[in-house]
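Accompanying notes for the structure given below.
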Amino acid sequence: MVVFSKTAALVLGLSSAVSAAPAPTRKGFTINQIARPANKTRTINLPGMYARSLAKFGGTVPQSVKEAASKGSAVTTPQNNDEEYLTPVTVGKSTLHLDFDTGSADLWVFSDELPSSEQTGHDLYTPSSSATKLSGYTWDISYGDGSSASGDVYRDTVTVGGVTTNKQAVEAASKISSEFVQNTANDGLLGLAFSSINTVQPKAQTTFFDTVKSQLDSPLFAVQLKHDAPGVYDFGYIDDSKYTGSITYTDADSSQGYWGFSTDGYSIGDGSSSSSGFSAIADTGTTLILLDDEIVSAYYEQVSGASGETEAGGYVFSCSTNPPDFTVVIGDYKAVVPGKYINYAPISTGSSTCFGGIQSNSGLGLSILGDVFLKSQYVVFNSEGPKLGFAAQA
């Protein structure tokens, strides 16, 4: 475990603007998420979202969650301050709004190869105007809630913030399920996990980050997601104004293609810390925190009126409840998730019952620390090592 001071972060994170070497020019840049309300009222199938997160990592989706997802038992309309936050990316000649996902390694997008009925409301990638097709290459992704997407693969120019590559594999959707079509705010996904889990066949392709990291000041990116506000991604440098104290580093386990790491314990509310650590993945593409049953049960024992209601597909409680904080111990650092973040959303529009931001990992064997966790932290994803760094947001 290494603690990294702000002074060191400033020295190592200098951008090309202050570099004395004229060539080759390297860069560091920041790109902001933006709010993307859909053209029509957006709904979220909460158990469907939960099922998709479990299946993404090869987990078993409980039958009760499958049934709740298929029945739409917990479909909610977010309030205005719960809009979807996405990131603008130029792909070929199109500007698309993508979900940045540290838990996957594909860059796939809505394209004009989709049937016209599935294009409505989305910004589209038009490969014929700029791309070279990778003949014989395809991709196909499916999730635990029944959603799926597939299509052909192209080589094209992709620009994120201040960095451009003309050698990026872009996966253009030609088939896509209704779950994706209905979310007209989102035009696709940009994976930031390790390239080893890219799904393109017959040969996996590199992620955008792996393609461009040699252009960056440092081969890293840092994430500052926010609660009820757009977040920020810093590529190539660490912004010391975005965190307090010091950054605590721990080794990242990339053996499964994810940003995995080991924690050193946890605590609930004002309770003492448990020394029982657990293996986890830092995933911007998962909304919830998914933990071992023992930890989940211990947490909801401290939430008045909470129940593992099978009809809703997960733990629920009264929306008026103030759940306790949840703390993850990483070395000497304690990453605190405020309880209000765990009061995630009403199980249906206007309901007084809320779906919990902490749910079971269904025996997955590792925990997923998704956005509910990440929105309290400034997290550094460094490919050298690799390693992960954590600090409280400023």
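Cβ coordinates are placed from backbone N, Cα and C, and glycine is handled just like the others.
What Swiss-Prot lists as signal peptide is 1-20, and the listing cites sequence analysis.
According to Swiss-Prot, the feature domain 'Peptidase A1' maps to 85-391, an assignment based on sequence analysis.
Long-range neighbours of D101 (active site) (same chain, six or more residues apart, CB within less than 8 Å of its CB): L189, L190, G191, L192, A193, D283, T284, G285. Annotation source Swiss-Prot lists active site at D101 (among others), citing sequence analysis.
According to Swiss-Prot, the feature active site maps to D283 (among others). D283 (active site) falls outside any helix or strand according to DSSP and counts as coil.
Within 10 Å of the C-beta atom of C354 (disulfide bond) sit 24 other C-beta atoms, taking all shown protein chains into account. The disulfide bond annotation in Swiss-Prot covers C319-C354.
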